[in-house]
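A.B. asks: Below: one structure in structure tokens.
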Amino acid sequence: MSSGVTKQFQESNQSPFKWKGCTDIICCILFMAVILGYIAVGILAWLYGDPRHVLYPRNSTGWFCGTGPNKNRPNLLYFNILKCATSINVMASALNGLQCPTTQVCVEKCPSTFWGVGSESYLPGSKPADTFNQSLCVPSIDLANTDLTVQQIVDKELCPFFHVPTISVLGRCLPDITALGDPSNLSSIQGLPSSANDTINIIKYGTGDIVNGFNARDIGVRIFEDFASSWPWILLGLLIAMVVSMLFLLLLRFTAPVMVWVLIIGVLGAGAYGIWHCYWEYDNHKKNSATITDIGFTTNFNVYLQVQETWLAFLIIISVAEAIILLTLIFLRTRILIAIALIQESSKAISHMMSAMLYPLITFVLLLVCVAYWGATALYLATSGGPIYRVVALNSTMSGCSSINGTMDCDPQNFTSSDYPGCPSASCIFIKYNDEGLFQRNLFNLQIYNAVAFLWCANFVIALGQCTLAGAFASYYWAFTKPDDIPMFPVYGGFMRSLRYHVGSLAFGTLILTLVQIARVILEYIDHKTREAQNPVARFILCCMKCCLWCLEKFIKFLNRNAYIMIAIYGKNFCVSAKNAFMLLMRNVVRVVVLDKVTDLLLFFGKLLVVGGVGVLSFFFFSGRIPLPGNTFRFETLNYYWMPIITVVFGSYLIAHGFFSVYNMCVDTLFLCFLEDLERNDGSLQKPYFMSKNLMKILNKSNKAKKKGRGED
């Protein structure tokens, strides 16, 4: 049939595939307003925030390490790292501020050895320049020209009186647990004061078990080396997974009937074997006169396998299950044939629009943009306040330091400890970021807005992909003459129709889903905060509430998915489409269940084939069981050959999941179109069926007038 005749059909309402205009305009406006507000929040965060607080560590004088005057000194050294560890997590300083009561200086390289001020250095006449390392002291002191003694420098924390081997972690010199675990390194620092020895011993022995049991840094380096030498072969494995996934889906048009019946017969065969084995065990134990009354109750479940009643129960259960499966196959054989035909038709549809297989990449990129924008906005918001510095006594046990309680503000670049003669250990350190301004007082609300907008945008991107694919596959089904009447660029057309007409409907559906997800997050937060105070009744209630919200979220995702398909077909608003989709599925609930289970069975088998096949192939390759000619790749160079295998298996699963999600959307779309076709049309000249000849043959239906070029077999 020509395209002109198809257009005539569409104009006379035989085909529902049309668009009346924009849908859910109010929700579209609301979504656009939220997006504009999200952009405004990002701009404000960019204006007020300073990511250098996270990217670069800050020394005690307020200067960033690795930039400005400290460009050549990118690492931050803590004079007494133990004080930081006992006050707050060191790495938490990135967002929450590091209230670390010790001097911090920018250094070019982190110390890699044990060192400490010996007892003889405290004697009169000792020169600070001969004791300390100038590069590790505060910039304000010149050891060659200072009048201060070693004791005074130590009391004021102008130079560290000891240091341990450290490594740079995100620009911060943290203890190197590998070197700390080697006691021979301590031989070079005899004569330390007791405070330094105690600190070193606490750090050393506190991490000794970790060092002896697991060297994370060394293993990380080895894993990186494995990836560096095997990445071309990892990419080859992922390419094989992509090709196998695509071939599996395309060949389903030929192999779906065989695969489905083979799997069904396999299940029946396994059940039959289970019945025979249970009867055999029952007969053996019956002859031995072993009964459950002989053993009574016991926690050793293996004992129950030695009595006849256990195998009799297994025999009855498996027999009942086998009978149910057989009766289901007998009464639902037609619906199974319909499901197989729809799966074959989906494979045909994908073969006519291969670009649909690449659409998950677009969804992935858009989700990546959403995640990046959310992370950047959260980072800038967290660092939007100016830093606050206060006077703190580094050694509160000294006389004259009791009046310094950390409430006096100070400027680290102009601070001098001589202003506090009674407390030489007084120092100006960073406490937190300013939260007193109007913008800073609303940071929490802005972070909440950032999280909610992110969830809404991420769900919208997923919904956009579903509606786009549904529009593309619906255009295939409602093309009366296939493939002549299929649009030139169906995926592009579905994408543009979704953006032009249905942004409001997609935003409406995703808003409902986002609200449910927010409720789940709030409930998880409440559960986490009140876990220690919960009694069994409260835990049970919270568990039931979380279970109900989880089920509600799954139901809304199912309803939204089918609503988007109806939106792509009819072009109506979300509520009407959701209602029509739900009622249509409920009128055909048995067909829905059969198609869903048959599709799940095939796709599960497909994922098992792709992931298992590629995983086994990668195992034989990376373990050296499949040699390559020449010296192209030597598996002996790998430290842990299982890491490339795990990477290939995980990547293969993601690739198979992406391809199969498109196929699953195709099956669902064609199924709803098929149900609409059955209810709208009767095969007459005015209302011909759009389904394939195979489906009409299964249902004993036909179009009264045979048209040349009608569909594909």
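Our numbering is plain: 1 for the first residue shown, then up by one each step along the chain.
In case you wondered, yes, glycine gets a Cβ from its N, Cα and C as well.
According to TrEMBL, the feature transmembrane segment maps to 21-48, 231-251, 258-276, 311-332, 353-376, 453-480, 501-523, 564-582, 602-628, 640-663.
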A.B. asks: Relative to the transmembrane segment (564-582), which of 231-251, 258-276, 453-480, 602-628 accounts for the most Cβ pairs at distances under 8 Å?
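C.D. replies: Per the Cβ under 8 Å count, 453-480.
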A.B. asks: Which bits of the chain, at least 6 residues beyond where the transmembrane segment (640-663) starts or stops, bring a Cβ under 8 A of a Cβ in it?
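C.D. replies: Sequence-distant neighbours of the transmembrane segment (640-663): 219, 222-223, 226-227, 230, 233-234, 237-238, 241-242, 245-246, 249, 346-347, 350, 356-357, 359-361, 364, 469, 603, 606-607, 610-611, 614-615, 618-619, 622-624.
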A.B. asks: Tell me whether the transmembrane segment (231-251) sits in contact with the transmembrane segment (602-628), defined here as at least 3 Cβ pairs under 8 Å among residues 6 or more apart in sequence.
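C.D. replies: Counting Cβ pairs under 8 Å, at least 3, so yes.
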A.B. asks: Using a Cβ cut-off of under 8 Å, list the residues of the same chain at least 6 residues beyond the transmembrane segment (501-523) that approach it.
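C.D. replies: Result: 19, 21-31, 452, 455-456, 459-460, 462-464, 467, 542, 545-546, 549-550, 552-553, 556-557, 560, 563-564, 567-568, 571, 573-575, 577-578.
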